[in-house]
Amino acid sequence: MNLAHGLGERSDLPVPLWLALYAAAAAVLIAFFAVSALRPKPRAGREVPLPLAGLADARITRALLRIAGLIALGVLLAVAWFGADDSHNPAPVWFYVWFWVGLIPASLLFGPFWRLVNPVRPLAAILRRCLPRGVRRELRSDAAGNVVAVGGMIAFLWLELASAHPGSPRAVAVFATIYVVVHAIGGTLFGPRWFAQADSFEIYSGLIAAMSPFGRGSAGRLVLRNPLTGLRGGRAAPGHTALVLVVLGGAMFDGFSGLPLWTDLTGLLRQPVTSLLATAALLVLLLLNFRAYREAIRTTGAYLRPGVSNADDEFTFPMVPIMVGYGVAHYFSFAVFEGQLGWLLATDPFGRGWDLLGVSGASVDHAVPGPAVISAVQVGAIVLGHVIGVVSAHDRALRVVRADDLRSGQYPMVTLMVVYTGIAIVLVSAG
């Protein structure tokens, strides 16, 4: 199994790099000037009640989702710990492709997907009932949970991108076990709020869900809505801003690690030096990403309305479409091809010679989609994500930026988004 993924499966763009860069940057800038001229106030759109809302919210539906999550977790841990410790074990593919990559479409389509199926939530709820009331605690500050969430995401990205053996089933087993133990303890002591503030994957899924066409209306009922509606929420928690920037930085590093310069350098080195170098490079890119965002926010601060103290977390939600666009471009070919492998390997999960699914001997089909389709999806996802980000940032600026400085007050964030667009296009084209 090849877990050198994401942009590592890319092919040449169907147009010259310079043309792709100009076109993508122009699309973002045109969107900015168009929305500035034609969108004087946010448009809420209509909320359409869904006839199946009652079924979706039914206790039996929620219970079935939790049971499915528990079964999936149990199977993953069993296969990761006790299956063959080689490339024929499907656990790494299930973990990196079916779970991690799958969170993007699942959250876009169904809302906060991981909150609904998170198998650790029911475990912690059961344990909390058994805990004496005097031992139970309340999570009084979001800061502690946010640190755990951001730290957990960095740990996951390190495992995926910089560790010596990311495709090892045992490495996946260790990470998944630590995840379960940490959040089972946290959820037991602090209750459900722990997961909303400290679970990296719940926060990540919830942020993506802000773009879902399905959401909660004013009465709390499930409705069909304008996908931009969720991006106009209140200020994000500080940890949520950091988590978005960490995910973006991780995607940038994975693309960077596919450049010939990096592969030539690391090809001359051995472990653990390669892993140490990758860890250092990952941290540097994360810090640069944080610095760029902070500089854009600092510059925007000069244009804020009276009474708005800072814009630190005001523009987190406009960054979410960019994060999603990076994710789709970054993982599309990986998901299509390695996702098939997860199904093929599942026929013999423990390496016992089984053929549970009747697909023994089958192979991954690399013919569909073709290189042109892959490139079109990658570039389209990047551009669309940044355009939606520009529109969302404009809606946010209408609320926090002085009316007389509305356009100039958006220049810092738009500049950052154009830079992100260019970086993403370069990484897509490299290889």
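The chain as shown is numbered from 1 upward.
Just so it is clear, glycine is given a Cβ too, placed from its N, Cα and C backbone atoms.
TrEMBL entries are annotated by machine, without manual review.
For 17-38 (among others), the entry in TrEMBL reads transmembrane segment. Residues 379, 382-383, 386-387, 390-391, 394, 406-407, 410, 414, 417-418, 421-422, 425-426, 429 of the same chain lie 6 or more positions beyond the ends of the transmembrane segment (17-38) yet place their CB under 8 Å from a CB of it.
Look at TrEMBL and you will find 63-83 (among others) tagged as transmembrane segment.
Panel annotation: around the transmembrane segment (95-118), residues 3, 5, 62, 65-66, 68-69, 72, 76, 80, 156, 160, 166, 172, 176, 195-196, 199, 201-202, 204-206, 208-209, 211-212, 214-215, 324, 327-328, 331, 334-335, 338-339, 342 of the same chain, lying at least six beyond its termini, place a Cβ under 8 Å from a Cβ of the stretch. Under the heading transmembrane segment, TrEMBL lists 95-118 (among others).
Annotation comment: TrEMBL describes 139-159 (among others) as transmembrane segment.
The transmembrane segment annotation in TrEMBL covers 171-191 (among others).
Within the chain, the transmembrane segment (242-262) has long-range Cβ neighbours (under 8 A, six or more residues past its boundaries) at 4-8, 10, 146, 149-150, 153-154, 157, 160-162, 200, 203-204, 207, 278, 281-282, 285-286, 288-290, 293, 316, 319-320, 322-323, 326-327, 330, 420, 423-424, 427-428, 430-431. Taken from TrEMBL, the feature transmembrane segment covers 242-262 (among others).
Remote same-chain residues near the transmembrane segment (274-294) are listed as 154, 157-158, 161-164, 241-242, 245-246, 248-250, 252-253, 256-257, 262, 265-266, 319, 416, 419 (criterion: CB distance under 8 Å, separation of at least six residues from the stretch ends). Annotated transmembrane segment per TrEMBL: 274-294 (among others), in sequence order.
Feature annotation from TrEMBL assigns transmembrane segment to 315-337 (among others).
Taken from TrEMBL, the feature transmembrane segment applies to 372-391 (among others). Sequence-remote contacts of a segment are chain residues at least 6 beyond its ends whose Cβ falls under 8 Å from one of its Cβ atoms, and for the transmembrane segment (372-391) they are 7, 9-14, 20, 23-24, 27-28, 31-32, 35, 39, 211, 228, 231, 318-326, 328-329, 332-333, 336, 414, 417-418, 420-421, 424-425, 428.
Taken from TrEMBL, the feature transmembrane segment applies to 411-430 (among others). Non-local neighbours of the transmembrane segment (411-430) in the same chain are 7, 10, 12-13, 17, 20-21, 24-25, 28-29, 32, 248, 252, 255-256, 258-260, 292-293, 295-297, 299-300, 315, 318, 322, 325-326, 329, 375, 378-379, 382-383, 386, 389-390, 393, 397; each lies 6+ residues outside the stretch with a CB under 8 Å from one of its CB atoms.
Away from its own ends, the transmembrane segment (63-83) comes close to residues 89-92, 94-95, 99, 116-123, 169-170, 172-173, 176-177, 180, 349-351 of its chain (Cβ-Cβ under 8 Å, at least six residues beyond either end). Residues 5-10, 97, 101-102, 104, 108, 207-208, 210-211, 230-233, 235-236, 240-241, 244-245, 247-248, 251-252, 254-255, 293, 296-297, 300, 364, 366, 369, 374, 377-379, 381-386, 388-390, 392-393, 396, 413, 417, 420, 424, 428 of the same chain lie 6+ residues outside the transmembrane segment (315-337) yet bring a C-beta within less than 8 angstroms of a C-beta in it.
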